[in-house]
Amino acid sequence: MKSLSHTSSNKSNGSIFTKADESEKVISRSNTASPISIENTHLTKSERDSLLFRLDLVLAPTIMILYLVAFLDRSNIGNAKVAGLPEDLKLKGDQFNIIASVFYVTFILFEMPTTLLMKKVQPKRMLAFIVISYSLTTIFTGFCHNFGGLLAARLVLGFCEAGLFPCLALYLTMIYSRVELAPRIAYLFASSALSGAFGGLFAYAVLHMDGVGGFAGWRWLFIIEGLIGFVCGVAVYFIIPNDITKAWFLSKTHQEMMRKRQLERAADLEAAHFDWKGVKSAFTDFKVYLYALSEFGQDTCLYGFSTFLPAIISGMGYTSLSVQYMTIPVYILGAATYIAASFLSDRFHHRGIILIIGNIFPIVGYILLLACQNNKSVLYFACYLCSVGVYTGAGLNVTWLSANIAPHYKRATAISLQLAIANSSGILAGQIYRYPPKYIAGHLTSLIAIFISTVLHVVNIFFLKHQNSKKQKSLASSSTIDLSEQPKDDKDARFHYIL
């Protein structure tokens, strides 16, 4: 056992790194304790960088494509709307808004069960099943002929897609350390933005097939996107490894490096058996609900913006085909800014302040959408401002929670709980954009939602800072804590919350 100094501690005086990962900062200590750097652990910095490069080379494009296809299948209903779907299916009143919202009913209900099952079922099987099932559902959506059929298809699609994001996020936490997560989960949310850009470009091309084979262009949109997803689902079974230490894309040397990393993170990863204690701990943790409520506001904007952006731009007076390509640069900006923000948060080990800064842009954007109803140029510019923070806020907040929850089953439950509460915002988002062309109710609701989320991020920063201070005092006053051991969970005094 190492005894701890009883002298006053200060963050600037040094830092302790756990064996959980060579780069994970756990708690700041007094200057009587020698900091353990990356070079003192089993892997050198060059070895670590080499390993991460090999992992990212295969995993990054794989998860990006999977989530891009999923978000494309989910949000292409917006492209189909401006391409004539409501008229062809004779939708009346608020039936389209119901179609947009009902997806999230089954999506919410099945997120948590799917995530908790992933480790038992095995990642490659679970992910392949999810992708193939939602792709087939998307294909069948192209053959719907009335409101009832489309309603059923959207309910099934919600069930099939429910586990994809939490399973991918959880899978990444099994491979990457807490401070390495931000840019990796960034790939997922960047994909959601890119799906809008790709969806607009793809829709612009496919809608020219209107009438081919007797099918409307929006039907071809669903059919072709579903076929692409099906191919991806089959491929992922052979690409994603269940055991990363035996991954086919790692050399023998890199496999050995990965084994060392996993041994160093053993306490967090060893949960081979289901742990009800971890599940219960997630449900009783105050900060999980703080993350979930702030994510609810972020996702209200995300789902409203990503689903109805074509309709919002169409309401400015542009033609159906023009709308499809006008959405592309807006989505690309959203993806680019989110990736940049995630790398900044990873570099400086801060999430909250970047979330707050990012949210300023959509707050201004929604104000412009409400205040400048008769100026098309300003309205279109406002869409760019919204895209800057909409994707950044939703993505970084999930990363923030993932980095501050441990061990495995508590993290799995917390991610699922956060997303279940947050994704219920999709039901709200589907209902607020119902009064074209100005969509005042939608923009006002989104403005209020993102403002409240920003306030909650501020509260969360102060809460976590207070908890870190308490942990630091506990370490400074204890003479029995073994610093050579990993934190058992995020409540452990050696576990430092990322702000």
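Just so it is clear, glycine is given a Cβ too, placed from its N, Cα and C backbone atoms.
According to Swiss-Prot, the protein carries these features:
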- 51-71: transmembrane segment (TRANSMEM)
- 98-118: transmembrane segment (TRANSMEM)
- 127-147: transmembrane segment (TRANSMEM)
- 155-175: transmembrane segment (TRANSMEM)
- 187-207: transmembrane segment (TRANSMEM)
- 220-240: transmembrane segment (TRANSMEM)
- 301-321: transmembrane segment (TRANSMEM)
- 325-345: transmembrane segment (TRANSMEM)
- 352-372: transmembrane segment (TRANSMEM)
- 378-398: transmembrane segment (TRANSMEM)
- 412-432: transmembrane segment (TRANSMEM)
- 444-464: transmembrane segment (TRANSMEM)
Can at least 3 Cβ pairs under 8 A be found between the transmembrane segment (412-432) and the transmembrane segment (127-147), with each pair 6 or more apart in sequence?
no
Result, the transmembrane segment (51-71) in contact with the transmembrane segment (325-345) (3+ CB pairs under 8 Å):
no
Spatial neighbours of the transmembrane segment (51-71) not adjacent in sequence (6+ beyond its ends, CB under 8 Å) are 43, 127, 131, 134-135, 161, 164-165, 168, 172, 175-176, 180, 184, 187-188, 190-192, 194-196, 198, 225, 228-229, 232, 236, 239-240, 244, 247, 249-251, 254, 257-258, 261, 306
